[in-house]
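Worksheet for the structure shown next.
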């Protein structure tokens with residue numbers, strides 16, 4: 001019987017399996033940041049242990065890093081707890097070591113799920129873990145990647161393994177071509193809207209179909225990033241020519257000259273590429289669940305509530321809880337409407353916003369910057385007067401550098417956007433970038449829970465194009481009219 005992509009990677013990394021199904025899984029790559037690592041390093045220190053395989057660790061600071069004030073250096077980190085976590089990471093990596101460390105303000109520093117792939121730390125067929133739930137992002141490369149807790153971070157550091165039980169296989173096929181203006185973010189929001197935030201619970205999802213294959217690697221990362229929001233611990237996309245081409249010349253990838261940083265190929269690259277090409281589900285592989293979507297029917301999406309599954313197309317209206325027969329769902333809708341300050345039946349394109357955030361590990365790569373800048377340039381207007389703040393936060397120093405080479409920063413700044421330094425920023429209320437109570441935000445991030453972007457803040461999840469258009473109009477609009 002054929003095997004799924006998930007089966008193949010799992011089978012190659014299982015060290016031992018108990019009768020109850022609990023397995024010891026070997027971990028290839030461990031991504032580390034400043035929030036979930038301090039306790040793990042301290043645990044190693046107290047036990048007198050060393051990191052088992054230093055070459056597996058790639059570290060950066062991202063959650064707490066400020067996106068302004070870099071001219072002040074570490075003194076620009078105004079929150080003392082944030083500063084302590086960042087300096088503690090510096091000290092821990094100095095003591096324990098890492099294959100690569102991109103500290104605060106370094107050229108390659110950025111969001112861990114952006115810097116991993118762009119530096120070649122994420123390779124097809126790997127098992128990848130990080131103390132962050134959106135580690136599923138790396139599944140775009142045909143890698144088995146998922147988040148782990150702080151105690152597991154220590155366990156992986158000490159043993160290079162993880163205790164896990166194998167999940168079931170789910171296939172989500174998105175066939176056909178999307179219409180103009182519909183992006184990877186819209187595809188994954190539509191998927192979550194269909195299966196719900198618990199639909200993928202107990203599964204590893206493989207995203208497939210012509211619409212997924214048509215996506216760039218950046219787009220595939222966006223889709224896999226939000227697999228966790230659909231309830232799955234991990235999401236995968238099969239390796240193809242786009243995957244392999246993307247990896248050429250990446251800092252830590254095989255075939256890259258360590259001095260020039262350029263792709264030179266060679267036997268190691270050839271062997272790796274041949275293996276990577278096998279990383280797809282067999283034609284006769286069976287899945288425990290299959291979900292299908294027609295890409296042509298997916299419209300630009302906007303979340304309206306306090307869960308990613310509370311999402312509608314821009315043509316829709318805010319739902320009426322009275323029309324929901326299920327009492328639990330009706331109650332959830334009512335609570336969401338109250339928190340979000342919305343009334344049933346209100347058109348989504350009538351929602352005025354206070355702030356705009358373009359960034360996060362979901363949408364802060366160069367393709368996202370280009371997408372948003374193109375919309376701003378095409379519309380040719382400045383940020384609307386009712387919008388208090390519109391900020392663009394590149395996902396890494398390399399993304400920022402590339403965007404500035406292309407002049408994208410000038411487009412944003414001329415239109416009244418703030419062009420920031422890289423970091424997690426307003427995705428979560430853990431740094432200086434946050435919403436005030438009652439403020440409504442068009443955000444390209446991945447979570448719209450109560451208080452996610454700041455106590456009392458109201459988050460609407462959208463694509464970079466939708467966020468950019470909302471910034472200059474002051475409210476949500478159908479992006480298809482402007483592309």
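Cβ atoms are placed via backbone N, Cα and C, with glycine included.
Quick caveat, the model's predicted, so the values are computed rather than measured.
What Swiss-Prot records for 361, 424, 427 is [4Fe-4S] cluster binding site, and it gives sequence analysis as the kind of evidence. Residue 427 ([4Fe-4S] cluster binding site) falls within a helix when secondary structure is assigned with DSSP.
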Near-site residues: [4Fe-4S] cluster, ref 361, 424, 427, CB cutoff 8 A to centroid: 62, 63, 111, 113, 134, 359, 360, 362, 364, 423, 425, 428, 445, 446
Surrounding CB atoms that lie within 10 Å of the CB of residue 424 ([4Fe-4S] cluster binding site), all protein chains: 30
Surrounding CB atoms that lie within 10 Å of the CB of residue 427 ([4Fe-4S] cluster binding site), all protein chains: 29
Sequence-distant neighbours of residue 361 ([4Fe-4S] cluster binding site) in its chain (C-beta under 8 A, six or more apart): 111, 112, 113, 114, 134, 137, 225, 395, 424, 427, 446
